[in-house]
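Quick look at what TrEMBL annotates:
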- 34-56: transmembrane segment (TRANSMEM)
- 77-101: transmembrane segment (TRANSMEM)
- 121-144: transmembrane segment (TRANSMEM)
- 151-169: transmembrane segment (TRANSMEM)
- 181-202: transmembrane segment (TRANSMEM)
- 223-249: transmembrane segment (TRANSMEM)
- 261-282: transmembrane segment (TRANSMEM)
- 303-322: transmembrane segment (TRANSMEM)
- 342-362: transmembrane segment (TRANSMEM)
- 374-394: transmembrane segment (TRANSMEM)
- 400-419: transmembrane segment (TRANSMEM)
Amino acid sequence: MKQIVSTLSIFASSSSTFVTQLLAVWIICQEDQRALLILTVFMPFGFTLSSLSDALRAGALPVVSSHEDTKSNEVHGALATLLAMAVGVFGALSAIAWGALPMLRSYFDLPIVTYLDFVDLLTAMAGAFLLITFSSVLTTCLFAKEKNATATSIVVIANVLQLSLIYLFAKQGHGVMSMPYAAVCSTLVSMAVALTLSPTLRELLAPRMMHYFGAMRSQFKQLLTIVVPIFSSYLLLIAWLFYITYVLLQYSDAAASAFPLYSRVQNIIIMLSIAVGVSQAIRFNKHSAEYDYSMLKNSVTQFVTHSLLYQIPVLLAVFIFSEQIAQWLINEPSVAAECAEYLRIIAPALLVLSTYVGMTVFMEQTFRSRRAFIYNFLYLGGEVVLIELVRPYCTTSTELYTLLAVAFFASAIFILFEIGRSRYEYHLMQKMQSVTL
């Protein structure tokens, strides 16, 4: 029961953030006609900032969840190191955006006023993501300690406040700058609320934590082995998204236009599997600290089972109501038809793909992020090779969607391999433990 609550809490917080981002873009575009162009150019940069923030946040969960005592030296040292890394990374990015990007205007095909607004947005968002990273590290610590109600409440409060502030700032004529203004204000409020409501966070951020900045060198190396592979996986995903967009453009504008829309539905389902993976990782780290190899041996199998149970009802609904979902998302009939066709074809394969994504997140949160990156590199690289080999024989977008479904099903190879590898590895450890005893 506790794991179900943890999974649903993590999914509620991540999906509320996702919905907030979608509504924020819609609100700003209603008030500023230039906003859509600026936000389109900003999208890959924003995704990179978000990926850096998520990678740093992810470094907190395995360390905090594997230590019972929130006052331990390892926990304080890890948090101090993560916060210092965030200051360095986002501080440097803000400086680069403010100093270097205005000199590169010739590389961007934008009017001067629009381009300057884009640079201002990028500079401000790089600074805002420093605070966002601080806040997400705190909520991750709460999830790691299974303070699910408090963590979810903080995230939802922050998202509702952020959306309200974006609406107010946009009405005042601030345009795209409404996003960083609202993000900073809502994040500061949510951090204050978090520290007020949670004794656990006050222990984690006790003044004596500052003494552990001197011991960052050893923690820095450990956290880099977690953070760098996770961020590298995000970079692979960014490259894959650009590749898929390029491929879809070869077929029709409707197919390319439908991609950002049906990917929203796809992302929600993947978030559900990721929530299962994070919840399972918290349990795994606790049992790992107790050397409970009988549980660890079946951890990947349990994750896959739980992930499938959560996703099957959702994907069944998507498959049955694909046309209604597409018409709800899109007014243009040709684009809606493409969206419905994609959802109908891809829904069964998405069950496997989202389970694979959740499994790699589970691995990243259990000190195996390097292996997860290797899986992602092999899978995404293999998918691109498969698509390039077969794509010349696909004459319609429907045939391309079928090819993508086959590529998604191929991720089952890595799921089965990791189940077997994990069971064998922990079976050996269990035997060694019994011999030692």
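Note: Cβ is positioned from N, Cα and C throughout, glycine not excepted.
Only pairs six or more apart in sequence are counted, and the transmembrane segment (261-282) with the transmembrane segment (374-394) gives fewer than three Cβ pairs under 8 Å, not enough to call it a contact. Counted as Cβ pairs under 8 Å, contacts with the transmembrane segment (181-202) are highest for 121-144 among 77-101, 121-144, 303-322. Away from its own ends, the transmembrane segment (342-362) comes close to residues 233, 258, 262, 265-266, 269-270, 272-278, 280-281, 284, 299-300, 303-304, 307-308, 311-312, 315-316, 318-319, 322, 325-326, 372, 375-376, 379, 398, 401-402, 404-406, 408-409, 411-412, 414-415, 418 of its chain (Cβ-Cβ under 8 Å, at least six residues beyond either end). Same-chain residues lying 6+ beyond the ends of the transmembrane segment (374-394) with a Cβ under 8 Å from its Cβ atoms: 233, 236-237, 239-240, 243, 247, 356, 360, 363, 400, 403-404, 406-407, 410-411, 414, 418.
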